[in-house]
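Q: Sharing the feature lines straight out of Swiss-Prot:
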COILED    456-512  coiled coil
MOD_RES   T480  phosphothreonine
REGION    464-485  region 'Disordered'
REPEAT    11-34  repeat 'LRR 1'
REPEAT    35-58  repeat 'LRR 2'
REPEAT    60-81  repeat 'LRR 3'
REPEAT    107-126  repeat 'LRR 5'
REPEAT    150-172  repeat 'LRR 7'
REPEAT    219-242  repeat 'LRR 10'
REPEAT    244-264  repeat 'LRR 11'
REPEAT    265-288  repeat 'LRR 12'
REPEAT    290-310  repeat 'LRR 13'
REPEAT    336-356  repeat 'LRR 15'
REPEAT    357-380  repeat 'LRR 16'
REPEAT    382-405  repeat 'LRR 17'
Amino acid sequence: MFHCIPLWRCNRHVEAIDKRHCSLVYVPEEIYRYARSLEELLLDANQLRELPEQFFQLVKLRKLGLSDNEIQRLPPEIANFMQLVELDVSRNDIPEIPESIAFCKALQVADFSGNPLTRLPESFPELQNLTCLSVNDISLQSLPENIGNLYNLASLELRENLLTYLPDSLTQLRRLEELDLGNNEIYNLPESIGALLHLKDLWLDGNQLSELPQEIGNLKNLLCLDVSENRLERLPEEISGLTSLTYLVISQNLLETIPEGIGKLKKLSILKLDQNRLTQLPEAIGDCENLTELVLTENRLLTLPKSIGKLKKLSNLNADRNKLVSLPKEIGGCCSLTMFCIRDNRLTRLPAEVSQAVELHVLDVAGNRLHHLPLSLTTLKLKALWLSDNQSQPLLTFQTDIDRATGEKILTCVLLPQMPSEPICQESLPRCGALESLVTDMSEEAWNDRSVHRVSAIRFLEDEKDEDENETRTLQRRATPHPGELKNMKKTVENLRNDMNAAKGLDSNKNEVNHAAERVTTSV
């Protein structure tokens, strides 16, 4: 008589198991049957809370995925995984990384992001085979002083932490290609940053930088630089040395001028200068021959340089909310321009040469002081022409008329002439979503007081007079908070939890701590 042999007895040589998104509460027992052969185990996006002792007998593992669970402890037995190459324990509830992690000598890729960690173990720099390390959003306050011993690192992600400085040894990471320091509390960038000659991507957004070191110009291989949401008042002339740069974001700073050296960035494709204090652009901007997107929103520009017409590849130009009183006729030289936004300026006329931008599909001139439009616009194949916030359709019906001052034929419609708005301080305007400035002149009041004015608002006013007479009649509907506010809330909760853990010990009742954190979240 023949008996059916269970499938797992027929095949004990299993190298990979994928149990992602299976609502697992415990590690499945059958996994241990393949301990001698299992090299890849993916248990991401489940409800695991602990890793049993038997789990660390899977010593052949080379790739382990445990992200998006509820794991509360990473035991010292992690040292058993001496062949582990990839480890992902991101977005769990792990309060610390054991010092024994140093025994995982083969580890090359590690992600500890989104855990309530405040530090990395001192032994961490012994993992000298690491090439990619992600420790984003863990409330990290400092890096090990010997972080430079990780000399094989190519990618280091430290976003959304509480770092205030960088250790000197960081610049020993000579193979580093990607460094993400966004949304920390860094005040100074060391001059030695210029020694990271292989760096391709550098993210410094959302810090407290007031200047960039001259040595940043040594980064000849840099492709992407983001220094938005800082306190920069000037850029060093040496920025002209970033000859490989294709993406440059300097939004939400305090810049009043841009150095002429910007014109040497011949490969630059995207340049974002919105929400600064620029009153003019250098003529050298026209030498950025590969520029496709130029964002100038919310500055103090009175006009655009004539050299703007040399940007033959420019497809998106946004200069909303400036003080533009005129446009150069050379704007027509932007032969690839598809979207041109100059909303909320002080323009009284558009140059007829705009029609030479034959690829133009969207033209937004709402909120200006235009009396009419040039007849030449009829030659364009526009898909949208915005003249007013109250415009219900992207295109309108126009009539021809004669300009009494010049005798030229012009275009007019029911929304022309535009009504001039009363002079208003730009800084007093409510900011809208991602365009809201984090660096405007404001006092250092508590976040809770400041956040009310940072989110966008929809107002319903009968008229200005009624508003002055009875301010309480104004209905304001406020939008969802900017993600930055939500992140600050999260940090507040995490800090409270860390304080409670320190007071009660890590083995205290976690449910009680979480309950307290939930109360804080509700109050915030």
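Each Cβ is built from the backbone N, Cα and C atoms, and glycine gets one as well.
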Q: The repeat 'LRR 10' (219-242): which same-chain residues, six or more beyond its ends, come within Cβ distance under 8 Å?
A: 182, 193-194, 196-213, 248-265, 272, 438-439
Q: Do you know the DSSP helix, strand and coil residue counts for the repeat 'LRR 15' (336-356)?
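A: Tallying H, G and I as helix, E and B as strand, the rest coil: 5 helix, 3 strand, 13 coil.
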Q: Just to be sure I understand, if DSSP states are collapsed into helix, strand and coil, how many residues of the repeat 'LRR 5' (107-126) fall in each?
A: 3 helix, 3 strand, 14 coil
Q: Please average pLDDT over the repeat 'LRR 2' (35-58) for the predicted structure.
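A: A mean pLDDT of 96 is what the predicted model shows over the repeat 'LRR 2' (35-58).
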Q: Do any residues, 6 or more residues outside the repeat 'LRR 12' (265-288), come within under 8 Å Cβ-to-Cβ of it, and if so which ones?
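A: Answer is 228, 239-240, 242-259, 294-311, 318, 435, 437, 439.
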Q: What does the DSSP secondary structure composition of the repeat 'LRR 17' (382-405) look like, as residue counts for helix, strand and coil?
A: 0 helix, 7 strand, 17 coil
Q: How does the repeat 'LRR 11' (244-264) divide up by DSSP, counting helix, then strand, then coil residues?
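A: Split by secondary structure, the repeat 'LRR 11' (244-264) comes out as 5 helix, 3 strand, 13 coil.
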Q: So if I exclude everything within five residues of the ends of the repeat 'LRR 7' (150-172), which remaining residues of that chain have a CB under 8 angstroms from its CBs? That is, six or more out.
A: 113, 124-125, 127-144, 178-190, 192-193, 195-196, 203, 487, 491
Q: Are there residues at least 6 beyond the ends of the repeat 'LRR 2' (35-58) whose Cβ is under 8 Å from a Cβ of it, and what are they?
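A: Hits for the repeat 'LRR 2' (35-58): 12-27, 64-75, 77-78, 80-81, 88.
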Q: May I have the DSSP-based helix, strand and coil counts for the residues of the repeat 'LRR 1' (11-34)?
A: 6 helix, 3 strand, 15 coil
Q: Counting by DSSP, what is the helix, strand and coil composition of the repeat 'LRR 16' (357-380)?
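A: In the repeat 'LRR 16' (357-380), the DSSP-based counts are 5 helix, 5 strand, 14 coil.
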Q: On the DSSP side of things, how many residues of the repeat 'LRR 13' (290-310) fall into helix, strand and coil, could you say?
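A: Looking at the repeat 'LRR 13' (290-310) with DSSP, the answer is 5 helix, 3 strand, 13 coil.
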Q: Can you tell me which parts of the same chain pack against the repeat 'LRR 3' (60-81), counting only residues 6+ beyond its ends and a CB-CB cutoff under 8 A?
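A: Residues 20, 35-51, 53, 87-104, 106, 111, 510 contact the repeat 'LRR 3' (60-81) from elsewhere in the chain.
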